[in-house]
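Feature annotations, courtesy of TrEMBL:
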REGION    B:1-345  region 'Disordered'
COMPBIAS  B:31-51  compositional bias 'Gly residues'
COMPBIAS  B:52-78  compositional bias 'Low complexity'
COMPBIAS  B:138-147  compositional bias 'Low complexity'
COMPBIAS  B:151-161  compositional bias 'Pro residues'
COMPBIAS  B:170-183  compositional bias 'Pro residues'
COMPBIAS  B:229-240  compositional bias 'Low complexity'
COMPBIAS  B:241-255  compositional bias 'Pro residues'
COMPBIAS  B:264-276  compositional bias 'Pro residues'
COMPBIAS  B:283-293  compositional bias 'Pro residues'
COMPBIAS  B:301-313  compositional bias 'Pro residues'
COMPBIAS  B:314-327  compositional bias 'Gly residues'
COMPBIAS  B:336-345  compositional bias 'Low complexity'
REGION    B:371-399  region 'Disordered'
DOMAIN    B:447-485  domain 'Zinc finger Sec23/Sec24-type'
DOMAIN    B:522-758  domain 'Sec23/Sec24 trunk'
DOMAIN    B:763-846  domain 'Sec23/Sec24 beta-sandwich'
DOMAIN    B:858-966  domain 'Sec23/Sec24 helical'
Amino acid sequence: MPYEFLVWLLAVLIQAAVLAINMHITLQFTDLENDNTNPHDAASAINSVVLWEYGLEGFLAIWLILNGKWFSALLPLAILAFHIQQARWILAWGWRFGRQYIDVTEIYRQVKPRRQQAVTKLIVYLFLFAWILYSFIYVMLHSLLTPAGKVAAREILQEAAATLH
Amino acid sequence: MQPSWAPGQGYPGSNQPAAGPGPARPVYGQAPGGGQQPPNGYGQGPAGGPPGALQGPPGARGPLDPASLGLNRLNLGNGPAGPAPYPTSVQYPPAQGPPARPAAAPQRPPGPPPATRPPGVPGAYRPPGSMPGPPSPAGSSASSSGFGVPGPRPAGPPSPYPGVHGNPPSQAPPAAGPGPRPAYPGAARPPGVQTPQRAAAAAQPGPPPGQAYVRPLLQPGQPGPPLPAQQAQQAGGPARYGPPSPGGPAPPAPGQPAVFRPQSGPPAGAPGPHPGGPTGFGAPPPMGAPPGPGGSALQRPPAPSLGSRPPPSGGDGPGLMGGGGLGAPPHPPGLSPSGLGSVGAASVPASEVEVVSMPAPGQGVQPAVAAAGFPRPAGPGGAESLAPPPPYASTNPPPGALRFSTAAVPASQSLRARWHLPFGAVLAPLSEAGGPVPVVDMGGAGIIRCSRCRTYVNPHMAWLDGGRSFSCNVCGTVNQTPVEYFSALDGAGRRLDLADRPELRAGAVEYVAPQEYMVRAPQPPAYVFVLDVSFAAVSSGLLASVCATIRASLDAFHGDSRTQVAFITFDATVHYYALRPGAAAAPMLVVADVEELFVPLPDELLGNLVECRGAVEALLDSLPAAWAGATGVDSATGPALQAAFLVMSHVGGKLMLFQAAAPSVGIGRVKARDNPSLYGGDREYSLRVPDDPFYKRFAAECSRCHVCVDVFAAGATYMDLPSLGAMPKYLGGQLYYYPGFSAARDGAKLRAELARNLSRETGWEAVMRIRCSKGLRVSSFFGHFFIRTTDLLSLPVVDADKAFSVEIAHEESVLTGQTAYVQSALLYTASNGERRIRVHTAALPIVGDLADLYRALDAGAAAALLAKAGVERSLASRLEDVRLGLHHKALMALREWRLLVSRGATLGAQPPPNAMLLPRRGRTLPALCMGLAKTAALRGGGRDVNTDERIAVGHAIVSGPVDALLRLLYPAVYAVAGAEAGWGRPGPDGSIALPPTVPAGVAYCDPAGAYLIDNGRLCILWLGAALGPAFYEQVFGSAADAGQDPGQLSLEPARPGSELSARINAVLGALRGQRELYQGCYVVRQGTPMEAHVAPYFVEDALPSSASPGFFEFMQVLQKDILGK
């Protein structure tokens, strides 16, 4: 397997994980709004994964940059900047005071904007995931397009075309 | 469907007047005769069918009947009622003796002539002369020296506070003079055609206090069927928020005083032909209307549904029907006050406008003199200006338990947007001021609730199908009545067992909760005392005072023989005390490692108070001595809290922390972070929120386990109350603050407050939910609680001194129906171990007119909500922004009012162009807003008030009931030098008469007088510089004289042989009363350095140190902003 292929494979996996975490958080907020869960459980469920989300997204940005995918890294970098801004108290106030954490005593005052934020992020993540997936497939196809690969591809296409009839 | 229902079937849609300003809305004020017209034509229904039609076959109406959607009608009958043996759902104030009121209204106490009504009755009318508002010529002589002389100012009506008259008479609107004002607010208004919106109603004065009243129905045969034309006119009109005229047959003529508004008081007998001024706050909703058998009240013409009994003679007959809309006397077109207007345009009678003339700047007037005429919650009429409006339905809970910022609901979001004041309620569920609450044990039937929205059964539910089902007043769902709860209905649709069902007769009721309301068996009340035994606590006497108080209160603990107690002390380590039944001493167990806490002997730390009484007493006796030589200065508060939590987490209960220094060891230690230089910056708020997340997390854990934390903070230096205060804030607790505690000075305060804390009514393991009618929702909560789901408050402990506030928002752009309901349910374990549910149900009219909202304004509750929201906001933004926000709210509200008045004003002569126009009920709002900006919670910047004090006052504001709060916003200044009036002596009912108050400004205080200032947290005896020696001798004893340092003086205890001293002490005792906080009393003399400490309590004076304006400058700025667009 070419290295290029591995770069994108890892990116896809990371982005899929981030997406899953984000969906989990969004669901928690939605549940909370609909009284399907209690603030204690929701807050601990969110707080236990939020750092993973931040870390993975940050790693993705660095990974893409390290591998020279400057264009693809733009969006992850923007997200990383946003996350740093969210957690900007880390340096001044210690870990526990980042805004990324949910304060269980204030959760109901925050639930609406937080859910909005989570949904917005979900959209951004989806877009990013689609882009990474596209890049991944593009690279994969290119790696397939060796002489032998061309033959294989042609056969695949012909069979696909044949089934259309 | 019975023909007689026909008019109702179209509801909710068809009955809206097509051209109306909106959906049918009750509007305050009804024509005495005309208002009774049911807005939707209901009134005509009965007329169309024989009486029997009302009692159609039970099955005739399906649950889907449109009329059964829970939409009650307003305006029902106003004929004289038949005998109503019990007050049913809605009670109206008795008519104020409308001339034509049929004598046959047995139920209605003939309202005493308003003039004789005592002015002080909240919500009652004030005699004409007592109106403080409008300037009167008599007052123009206000001396330029300020009205220093606290001369005899009878609190009584006739002599308004001199300052009130400071305005030149010429500026008084003619109609507003305190003299015989037009009896009717609408009197000044040109007669016009009665439009639906304007249909005037005669207001009726409230009933004598304590007396139930029912709106009578028209008896058959009584005169006064409305003219058909009028019916037509009114049929489509919105319901009025105002009781229909008292006597159906009452001729339109007699000017009925507008009801319920203080200013409307004068009985006016003035036969002013204003049958209906827009007025009456207090129209009856048809709630609770018990439907006739076979028919729901909802469908029945509103008249009967009022809950009034049918006329004795007529049964369901014509009387019923006539009583309502039909009985209304026709309005002679020429007389009906309508006019002005077009739908939607408010017409504001002159009597509802308080015109405050603003002396132009630069006239060289002393601010105090210029401000003398401003309305304020002091002086004669001051108390009434803060009173809530009369209840819309007589079943509404008393104001001590539930107050609304405005006792009406805006009909639409657009109207709500024009109401710039808060719209919400302040609820004190266990308050003693709420009066006794009937306890109901439903037995086998279980607690009856709506199956869909879970609303508890209440007086406003409509009974259908002969009692087999009932319609929820909140969501409109039709529920089946459980067999055990079934009761047949009488001819008027009321349940026959109404007299035995307190839950159907009272808006405040307490259920005994069955098993399904318990998650676990009720736990015994548990108290865990966590005592600081560091050097600071011991040397200041805190430890000794606390131990002595607890020892003395052992018999007052709740829970009888089930109470459990535990004691934990801490300095740099944590010490437990084992309480073994029968033991004579409590051995101490020390846990030296505060990082890895464990609980030794977990079963013996929490002991039953009765079994371990000996050990507890021995422990409390020995603790002060055992720690007398303490030298440790560290304070392991966090670990001690964790230890206490481990001890009590299985039962929940009350954790009482006594803390004498900032936490310095272990988890939760705080930094000295009070940094005034942060003020004005973006990070300013961080000074007011917890630093260490431990406290919030601990609060969350405690909330899960039903542990409440009360904090008694007694530090001499910065203690980080923002952090410590986070625990009470989320746990239903209380933060007590004794800056620089010393046992000699603050001991009495601590003892009184701790004793009150231990002995007041307390509920455990509580949750509270507040439900609103469809279209409304609770948007935010203020108070000490943890929000567990969007509308469920978790309260580990709830007690008599706690109030919870909500703001209510509109979920739908337009509300349907005419009455909205708010129901709060507090589920708690009483101290006797019984699970109880305390339910408060209030009915509010839905109004489509902005003027009606102002008419129902409760200035006290509105100011309280502003204060709570302001303090809450100060936790996330700069104080400066909070103050600006408050100013903006007051400004917008008053500007909107000015607009309203200028559109529909009937002020007679035009007020001076620069006069400030205030709504009558909200005339003290500017003073209260100014006071709010000057409370310690919001005043100044970093150097004016230390952060701990700010937080302590902020907690008191957020969790306090309205009355306590108002005292804080505008301290009462009692003139106690003169012994002329009867103050200071017990009245006939045993209560102490309070001296007259003066405005809270030094300029209004006589230098030769003495004043007792009470701001709810402390009392100050302010002595004028020129006070004669006789006063000193009488009050402080023979040894005292004017030259002595007043700081050394104490007016307690009462000096023997001195009547003045006894009376002042009696007043002091009355002020302390049953309050959460005990006001220590300090003596300050004018002209001494100590006076600077009193300056903030004179809220009307400018406070240069914090750049707070005086009252006059404040009003000038406000007025300028109101006039400027």
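Every residue, even glycine, has its Cβ placed from backbone N, Cα and C.
Three or more CB pairs closer than 8 A are found between the domain 'Zinc finger Sec23/Sec24-type' (B:447-485) and the domain 'Sec23/Sec24 beta-sandwich' (B:763-846), so contact between the two stretches is assigned (pairs 6 or more residues apart).
Mean pLDDT of the predicted structure over the domain 'Sec23/Sec24 helical' (B:858-966): 88.
Sorting each residue of the region 'Disordered' (B:371-399) by its DSSP state yields 6 helix, 0 strand, 23 coil. DSSP places the residues of the domain 'Sec23/Sec24 helical' (B:858-966) in helix, strand and coil in these numbers: 72 helix, 6 strand, 31 coil. With helix defined as DSSP H, G or I and strand as E or B, the domain 'Sec23/Sec24 beta-sandwich' (B:763-846) counts 0 helix, 61 strand, 23 coil.
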